[in-house]
């Protein structure tokens, strides 16, 4: 039993949460409307004991309130003002019963002292966690949250003004060199002590006040590192799930305000905790918008399902790749749309090249997994558009590893894998390896040898043509035809136009070759018929004279001309036809 005055016998006992306080009625009823009403209701029975149920702050806070009733001085601080504010409301210690009562004293301290100081507001919020919902109903939490948001925004504005400086031309501009401690974000660590529901309200208030997205992101990273590490050690999975889902909803809409490694960390935790579908899809969308900044370790998200599943989350990575490819919205199916790079939202060419390399390395990492079936492997390999890969060495390596780890594949499955590889886009070293790779289907090996032969022939033709000078335009065109791959320095749209021109040139050349082949076939037929009719020397001589009159190499009547003309070519064909007709 606690006695405040021991020299005067107590006439009432107050019980609070199992603790008893031996007190006196007069000082209590003079300041507390609740106790006055209770005593008045039991005046006839001369009540001597009162139990106060659900008193905010418990016995410790009631003792402070009782001391105030007795006029004992003590300091109101940020550590006890929330409790005293709530207990003054519970005990009805207002101006109606006594001037300068506890309610007005705590209200004044909260308004003039606490709300002027960001650190004190955080402390009051922390103390209010055990006073809900009364602290919220009395607007203690709301006022502190508004004060924190206003104070943080004001400090950032002041910090921005401090960075203003004049350039050499006399213009006012913002200095880019600023230390993190000078950015007005020192409150980030302080907010990490709050409970997740109060922290969420503070962050939303800051967004409404215009606090920088970079500061919001830094605070989220700090809070997650503190809370998720602590929760994972204690094993409170449900509360940890709430933290992850709440942080995801608080992420700013702007890109690059939080590291992509942090987003992947949240996604791993979301997969492990089996958070809501909305939470995971939001993270996948955010990661997909900046996937070119990710590393292979980021993509290796462990699977936490049954033992027969794959080691890593394949479906999750596939959705991330789809988000990356579809940044510009739904593209048309037009043939030229894949080369359209003018859209401000579509992935840049450099970003696409980085992601292609990342995906090929990811495929090589997951290929040895015995539980990885072919459809899932193909799902990742075909997630990016075909034009994205200018070199297929990485894809070939991943497919070779998959074939090595899954030797029971059928021939049809092996063909499906081989169709992914464009053997014209293999380097010389990798092409040599593929030509001797017994794991590849025979048809693929034949393709490799065929393209290697074309490359060799092209190289020989190029070295031969270098000995003779030719026009610059012709040299440039020959180089483009013999290159065999798109130039990374050219845009996809330019490459596409170049390929179309080369295709037209090749079609014309093929048509000329076909005409010459037809003429040679007719010549062969005529010679065969004549040889069958007569074996005399006279016939051979006469035929040789006729053949001498034909101009197979395009000799025209004009002197100095060494190249065949279209007119001479057509004349030669007509002469051959008339000759064959006369032989018949």
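One is the number of the first residue shown, and numbering goes on along the chain from there.
Placement of Cβ uses the backbone N, Cα and C atoms for every residue, glycine included.
Given the structure is predicted, the values throughout are model-derived calculations rather than measurements.
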Between 523-553, 554-584, I'd like to know which one TrEMBL lists as region 'Disordered'.
554-584
According to TrEMBL, which listed range is coiled coil: 461-495, 496-530?
496-530
Composition by DSSP (helix, strand, coil) of residues within the domain 'BTB' (10-78):
26 helix, 14 strand, 29 coil
